[in-house]
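For reference, the structure is listed below as structure tokens.
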Amino acid sequence: MKPTVAIVGRPNVGKSTLFNRLIGERRAIVDDTPGITRDRIVGETEWRGITFNVIDTGGIEPYSEDIILKQMRRQAQFAIDMSDVIIFMVDGKTGLTDADREVANMLRVSKKPIVLAVNKIDNISEQPIIYEFYELGLSDPIPMSAEHGSGVGDVLDAVVSYFDKVGINEIEEDSIKVAIIGKPNTGKSSLVNYILGEERVIVSDIPGTTRDAIDSYVEFEGIPLTLIDTAGLRRKSKIYDNIERYSMLRTISAIERSDICVILLDGTEPVSEQDAKIAGYAYEAGKGCIIAVNKWDAVEKDEKTADEYKKQIEEKLSFLKFAPVLFISAKTGFRVKKLLETVLYVYGNYTRRITTGQINDVLAEATTIYQPPSDKGKQLKIYYMTQVGEKPPKMAIFVNDKDLFHFSYQRYIENYLRKTFDFTGVPIVFLIREKGEKD
């Protein structure tokens with residue numbers, strides 16, 4: 001595994017700004033409101049030829065009894081426990097505080113190497129302020145500015161100096177990317193936690209307690225998976241501030257970089273228009289889709305309950321007729337293993353390649369049974385079809401006139417392909433081209 005570095009400190013010292021600078025993208029929510037980064041966000045960076053993981057933790061408020069801030073403290077402790085080196089960030093503008101002292105005591109107990117980074121030192125004249133941080137009795141304080149980049153290289157030099165370069169193994173780059181998506185409070189974080197066997201992300205009954213998209217790595221049946229637990233998507237009418245706007249965009253971005261989307265529904269509630277909207281993002285992005293109905297343990301049911309719920313899904317999510325439906329419980333683990341098996345199965349279909357000969361044998365059979373349509377005496381002619389891409393499967397169909405290839409006939413060809421080849425869980429993209437057009 002790659003080395004892991006946790007960025008730890010009290011709220012609003014600039015941890016997320018440093019994290020974003022290190023990984024080169026706006027992964028963590030950055031705002032002036034203390035406590036905005038509620039959870040652990042994981043990214044990857046490289047320095048001096050060494051690739052390592054970086055964890056951005058929520059700010060530690062040592063004295064707060066607020067339920068979210070208490071959970072953030074626990075999450076920071078998890079990050080400390082799983083890290084190899086800790087970057088302890090303090091605020092050079094504010095100076096040393098009692099909260100800094102308490103965090104330092106917490107870190108000292110871990111016995112992990114600590115790099116003390118004094119942030120918001122934007123010019124040389126401000127550097128004398130760093131000396132008060134020697135009182136913490138940790139490593140030499142390093143002046144830096146996460147916003148402007150000065151001193152960041154010095155911090156990273158100190159970090160990599162602690163790494164044992166022998167035996168560092170990289171995480172598989174070809175892992176299957178799985179986005180767990182759904183409206184708030186459907187149990188997305190609980191599902192990820194059950195799979196990982198640890199309280200990896202904050203779980204609370206308060207909707208929206210997972211604000212950012214969080215990557216976790218796990219192997220299932222020897223196959224590496226990257227699980228992306230996303231902020232629950234809210235209806236746009238409720239997205240009234242910057243934090244919610246950032247998170248919605250991040251969730252859509254998580255869908256874009258995934259291979260498979262697990263669309264989580266709350267089995268204790270009817271399928272809603274909001275569920276359909278969220279599922280629509282995954283469908284429009286061309287991702288493999290699995291519908292998982294969570295909290296099934298909390299549903300009063302008889303032998304008809306599952307079928308009745310499936311009818312709701314068919315009505316509200318009619319565009320996902322190809323997606324398998326599983327009834328699960330993230331709380332008890334009911335059918336979670338089956339869900340992971342289905343992820344591997346759908347991914348196999350998502351990457352499936354079919355020879356041109358096989359495709360055209362099926363095409364000939366389909367057009368014989370139900371001949372192509374005609375309009376004003378002109379008959380649609382389908383010359384051949386070939387697969388030109390995967391993730392999702394893309395089929396180029398060459399015809400004499402694209403205008404004659406009506407949607408209804410395209411749907412017929414798609415259904416015939418699905419009947420012959422296994423494309424469970426994945427959309428099929430058709431590229432209609434007139435003969436003579438380039439691939």
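Cβ atoms are placed via backbone N, Cα and C, with glycine included.
Taken from Swiss-Prot as is:
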DOMAIN    3-167  domain 'EngA-type G 1'
BINDING   9-16, 56-60, 119-122  GTP 1 binding site
DOMAIN    176-351  domain 'EngA-type G 2'
BINDING   182-189, 229-233, 294-297  GTP 2 binding site
DOMAIN    352-436  domain 'KH-like'
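Within the group of binding-site residues (N12, T57, N185), the Cβ with the highest number of other Cβ atoms inside 10 Å belongs to T57.
For the pair G182 (GTP 2 binding site) and I121 (GTP 1 binding site), the Cα-Cα distance reads 41 Å. Here T57 (GTP 1 binding site) is compared against the binding-site residues N185, K188, W296, and the shortest C-alpha distance is to K188.
When the Cα atoms are compared, W296 (GTP 2 binding site) and N12 (GTP 1 binding site) turn out to be 40 Å apart. Mean model confidence for the domain 'EngA-type G 2' (176-351) is a pLDDT of 83. Summarised by DSSP class, the composition of the domain 'KH-like' (352-436) is 31 helix, 24 strand, 30 coil. Other C-beta atoms found within 10 angstroms of the C-beta of G182 (GTP 2 binding site) number 25, with every protein chain shown included. Classification of K15 (GTP 1 binding site) by DSSP places it within a helix.
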